[in-house]
Amino acid sequence: MKKIGILTSGGDSPGMNTAIRAVTKMAMNYNCEMYGIKRGYKGMLNDEIFKLNPLDVSGIADRGGTILLSARLPEFKQPEVRAKAAANLKRHGIEGLVVIGGDGSYRGADLLFREHGIKVVGIPGTIDNDIAGTDYTIGYDTTLNIILDAVSRIRDTANSHERTYLLEVMGRDCGDLALYSAMAGGANGVLIPEVNRSIDELAEDIKERRSQRKLSDIIIVAEGVGHVFDIAKELKEKINTEIRVTVLGHIQRGGSPTAFDRVLATRMGARAFELLMEGESGIMVGMENNKMVTHAISYAWENKTNISLDDYNLTHLLSI
Ligand SMILES: Nc1ncnc2c1ncn2[C@@H]1O[C@H](COP(=O)(O)OP(=O)(O)O)[C@@H](O)[C@H]1O
Ligand SMILES: O=P(O)(O)OC[C@H]1O[C@](O)(COP(=O)(O)O)[C@@H](O)[C@@H]1O
Ligand SMILES: [Mg+2]
């Protein structure tokens, strides 16, 4: 294989650039030409395909976002749109494709392989950690650290005013960011979509804490649980303390990737390239038990990631 394309798709995540750098530099070592595709499948459709040179990826390992830009293109679910995009790749002589994104992006990649014979390898890039087949996705650790920084800052002001804070964090339908930021940040409660917990129970916990002369409460709320302002309203009727809501939002997706994410992205990028060189296709790379692994790309949407109930219970136990 002489020409390989690379794209980032779906929400950007810190470390995507690190992965792009790893794949491109590997290609340089193997005398393989790399092509960058801008704006994910949108750029594939609009022929925004350009030769990636080693200089383009020099000095980007520590930069957040994605130099290739990212986009969502719902029309990619239509066969005729994929046919046009695949024809663009073929016109450039591109035989293999590295797709950095989530399970939606993987579905598109899988169809490109099945329908048009483009060899594809997926790299899990999303802050949500919601992809089966890997213990961690690229960007998750950085976001977790951003949330922890926010928790510390909020605790200062929460203590000073003796308030109850609800901090909404991202993750779509996955509670990992919420659960592990609660555990590591010593939060006083956590609401995640995977575990049903009533507002009554949360209110009782808060009242118990306050009876022990605790100054404040920080409750982490995963966005997948529902509207945080509605939760705040319901909670207000059951407790006497003053409530404030903070929605962290897209602050969680920016900034320089952590060492963990850079190492993960580098290992995954290099492995993805090797797999294409070995003639593999229709697979994703992952890291399980600190080992690089591969799975059929469909593994990502055919399986669900599981929350650890032990970790949830431990976090709850220590939150009082
Ligand atoms: N079922 C599908 N078939 C083909 N392409 C898809 C499919 N689902 C998603 N995609 C493509 O992948 C893009 C990114 O998917 P999305 O679910 O938004 O993000 P992520 O890849 O992070 O899960 C979509 O905008 C679309 O272009
Ligand atoms: O950037 P947008 O379009 O507001 O989307 C926000 C969503 O994207 C994410 O940040 C990342 O999700 P994906 O990686 O699946 O795109 C989610 O946590 C969040 O729900
Ligand atoms: Mg996703």
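Heads up, the Cβ atoms here are built off N, Cα and C, so glycines get one too.
TrEMBL lists Arg21, Ala22, Val23, Thr24, Lys25, Lys214, Leu215, Ser216 as binding ADP, and of Arg72, Arg82, Arg155 the one it places in that same site is Arg155. Together with Arg72, Leu73, Gly102, Asp103, Gly104, Ser105, TrEMBL lists one candidate of Gly11, Gly15, Gly171 for binding ATP, that being Gly11. Glu223 is the residue from Glu115, Glu223, Glu234 that TrEMBL records in the substrate site together with Thr126, Ile127, Asp128, Arg163, Met170, Gly171, Arg172, Arg244, His250, Ile251, Gln252, Arg253.
For the domain 'Phosphofructokinase' (3-276), the model's pLDDT averages out at 97. If you take the Cα of Arg244 (substrate binding site) and the Cα of Ser216 (ADP binding site), they are about 11 angstrom apart, rounded to a whole number. In this structure, the C-alpha atom of Arg253 (substrate binding site) lies 9 angstrom from that of Gly11 (ATP binding site).
Of all Cα pairs drawn from Arg21, Ala22, Val23, Thr24, Lys25, Arg155, Lys214, Leu215, Ser216, which the record names as binding ADP, the longest spans 53 Å.
Reduced to three states, the DSSP call for Ser216 (ADP binding site) is coil. Around Arg72 (ATP binding site), the C-beta neighbours below 8 angstroms that are at least 6 residues distant in the chain are Ser9, Gly10, Gly40, Gly104.
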